Amino acid sequence: MNDGQELRVGIAVLGTIGKALAKAIDAGIPGVRLAAVAARNQAAAEDWLASLRHSPPVVSFDAMAELCDVVVECAPAALLGDIAAPVLKAGKTIIVLSCGALLEKQELVELARVHGGHIHVPTGALLGLDAVIAAAEGHIRSVRMITRKPVRGLLGAPYLAEHGIDIDAIEEPLRIFSGTAREAATGFPANLNVAVALSLAGVGPDDTHLEIWADPALTRNTHSIVVDSDAARLEMTIENIPSENPKTGRITAQSVVALLRKFGAPLRMGT
Ligand SMILES: NC(=O)C1=CN([C@@H]2O[C@H](COP(=O)(O)OP(=O)(O)OC[C@H]3O[C@@H](n4cnc5c(N)ncnc54)[C@H](OP(=O)(O)O)[C@@H]3O)[C@@H](O)[C@H]2O)C=CC1
Ligand SMILES: O=C([O-])CC(=O)C(=O)O
């Protein structure tokens, strides 16, 4: 925090989630200020930001770590290390949406530990992480998730090309993947962050089982989870309305807004 105890937030980068977040912060979250934004096309970003009430500077990832207390990573997964490392080296907090990439970047957790920084994975497009985290304080016997997505929410995933799976013209639901959250993170880096978030909250990426279905009749990204533990059995489903990016549910940005609001709130709900 700076002297005024105002939380200075940075957004990296200005895609679908980034823009929704920038608008929400600009509209007003008590105690929170949009202090900087990173984007690869500086001129386009400055153009877009000019419509905000308070337009922040467009800066590099390194400068963002200096200017902000908290940085929200909402970029392609391949950029996670470049965005997070300077933030963590500065002992600050990074909110990570491309959490699938964290599995291959465990050194970031060590950086956070050494420098007193924090990595926060929000609930994002999922539900129930609070209950899964609580269940993990006891013994979880199994975690299973079934994801069903419209075809356009899955197109472009490397797993499809690697396995010669063509979903363009399917007319019936097709199971395209069955495996662990870790395998899904590699095969679907832009589509299944939620499975990795669930795994990190619960029993880890190698013991969290996942099926992915492409369903041409669906309009929503749907995740159904069953957790069996010695404290509770959880059964939960979320049907996400896609944003402008068909891979990304609208609720994802709202999850981060809710988290930022919590940082400054006298009454904080949830685990
Ligand atoms: N944890 C969760 O629950 C969820 C996580 N996600 C993840 O959040 C991340 C962001 O999602 P979303 O906002 O929908 O993604 P978008 O595709 O809408 O935005 C990505 C942005 O990244 C920019 N970009 C691409 N390459 C570079 C680069 N080399 N340097 C700087 N910027 C670059 C693009 O810029 P340009 O406009 O110039 O092309 C674009 O603006 C993704 O990794 C997604 O998988 C999404 C949903 C849920
Ligand atoms: O997992 C993701 O990255 C996104 C997702 O499924 C959703 O928005 O429903």
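Using N, Cα and C of the backbone, Cβ positions are placed for all residues, glycine too.
Please treat TrEMBL annotations as automatic predictions, because they have not gone through curation.
These come from TrEMBL:
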- 14-122: domain 'Aspartate/homoserine dehydrogenase NAD-binding' (DOMAIN)
- A125, N193: NAD(+) binding site (BINDING)
- 171-257: domain 'Aspartate dehydrogenase' (DOMAIN)
- H223: active site (ACT_SITE)
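The structure, with features from TrEMBL marked on it.
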residue : record              : CB count, 10 Å
A125    : NAD(+) binding site : 26
N193    : NAD(+) binding site : 28
H223    : active site         : 25
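Reduced to three states, the DSSP call for H223 (active site) is strand. In the domain 'Aspartate dehydrogenase' (171-257), helix, strand and coil residues by DSSP number 23 helix, 33 strand, 31 coil. Cα spacing between the residue listed as 'active site' and A125 (NAD(+) binding site): 9 Å, rounded to the nearest whole number.
According to DSSP, the secondary structure content of the domain 'Aspartate/homoserine dehydrogenase NAD-binding' (14-122) in residues is 55 helix, 20 strand, 34 coil.
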